[in-house]
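Engineer: As listed in TrEMBL for this protein:
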TRANSMEM  128-149  transmembrane segment
TRANSMEM  156-176  transmembrane segment
TRANSMEM  182-205  transmembrane segment
TRANSMEM  217-236  transmembrane segment
TRANSMEM  242-260  transmembrane segment
TRANSMEM  272-290  transmembrane segment
TRANSMEM  333-355  transmembrane segment
TRANSMEM  361-379  transmembrane segment
Amino acid sequence: MEAKTIAMSLASNRSLIFPTSPRSSFVSTARFSRLPLKRACIGVDGFRGSALTRWNPIVPNRRRLVPVRATNSEGSSGLGKVKEYEEWDSWTAKFSGGANIPFLMLQLPQIILNAQNLLAGNNTALSAVPWLGMLTGLLGNLSLLSYFAKKREKEAAIVQTLGVISTHVVLSQLTMAGAMPLPFFVATSAVVTLGIILNALFYFGKLSTTLWRLWEDFITVGGLCVLPQVMWSTFVPLVPNSILPGTTAFVIAVAAVFMARTGKLPEEGVKFVQSLSGWTATLMFMWMPVSQMWTNFLSPDNIKGLSPITMLLSMMGNGLMLPRALFIRDLMWFTGSIWATLFYGYGNILCLYMSNCTSKSFFAASTIGLISWIGLALWRDSAAHGHNSPLRSLKELVFGS
């Protein structure tokens, strides 16, 4: 059904469009006072406007207020620019939604390859998959699952749930091959089971607020102490095997959560602590390619255990989100996506090609496709915003207006 809109006149010959479709988050102007807002500068045909957008540091902002310039004095040129802007807005949202497909299929080739190696008794090949990197990804999925469950975003919560389950299957295979210590796997399994149950109960309104807050505090503390420990452990034995990074971060995280819950932090501090789980989840995903590339460097013979299709799906999934992150000028989202696209997806495809583990045609197609996609995203974004150069879009992304 076509969404209806309500236009409100603004200064400088502008209008602000309020989507009123049933799926819109802004169905009532009375809710504006309760939503955290940010300023986002966007333009059409050189015009610079400001919009109120719903702040989400992790996922695309699909339901936002879109400023458009009134066209009664612009003529056909103005109409064309507005249409081009709106079309690219729609396409970037579709690309972002389409990224769910490769993400859902991401672990399937790796699971099949691991099963084949286990049945053949080739347990060494599974060492190419770093369990620390997979663990950080699983914890990131679990944190984002709680984030989306709290926002009542059913589709996104389902995607994160499938991500948690598929990654846990890979970790179980690594444990069977002796690549992951059993005590760590048991602890991980307990957290995963508890997390899925609590999130399901909370989503369906069967969990008390007290228990949910305890779970939120747990994933905040857990993410803050696991991330630095995993980053440190990645480089063992070049660095001493120590739990000091994780222990130090644990103390700091507990103190921050305690002060936030007891009202000993200012409002800005409380909001910062509440956002930590999302930020740490993003950083965990960004650390996955570093861990994988380091494993490839230490054990180049084990790279045969990597699936080229898995790396391609990762590159595609993150690449599909790049246009949207650039379009709405979300630097954090763009950084995480471009990092995973280049270093985790394409970076491992490059390692596989250099080790003669994939064909030249596969590598060439991946390279041409990636360069073309990034170029298309930059070109269409600059055209949609009325810029003469793609560098203008990147400048606004990094430095703002």
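Cβ atoms are placed via backbone N, Cα and C, with glycine included.
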Engineer: Between the transmembrane segment (128-149) and the transmembrane segment (182-205), are there three or more CB pairs that fall under 8 A, provided the residues in each pair are separated by 6 or more in sequence?
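Structural biologist: Result for the transmembrane segment (182-205) with the transmembrane segment (128-149) is yes.
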Engineer: Same-chain Cβ contacts of the transmembrane segment (128-149) under 8 Å, 6 or more residues past its ends?
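Structural biologist: Hits for the transmembrane segment (128-149): 58-59, 110, 114, 156-157, 160-161, 163-164, 167-168, 170-171, 174, 179-180, 184, 188, 191-192, 195-196, 199, 202-203, 215-216, 219, 222-223, 226-227, 230, 233-234, 277-278, 280-282, 284-285, 287-288, 291-292, 294-296, 299, 302-306.
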Engineer: Could you tell me whether the transmembrane segment (333-355) and the transmembrane segment (217-236) are in contact, taking contact to mean 3+ Cβ pairs under 8 Å with a sequence separation of 6 or more?
Structural biologist: no
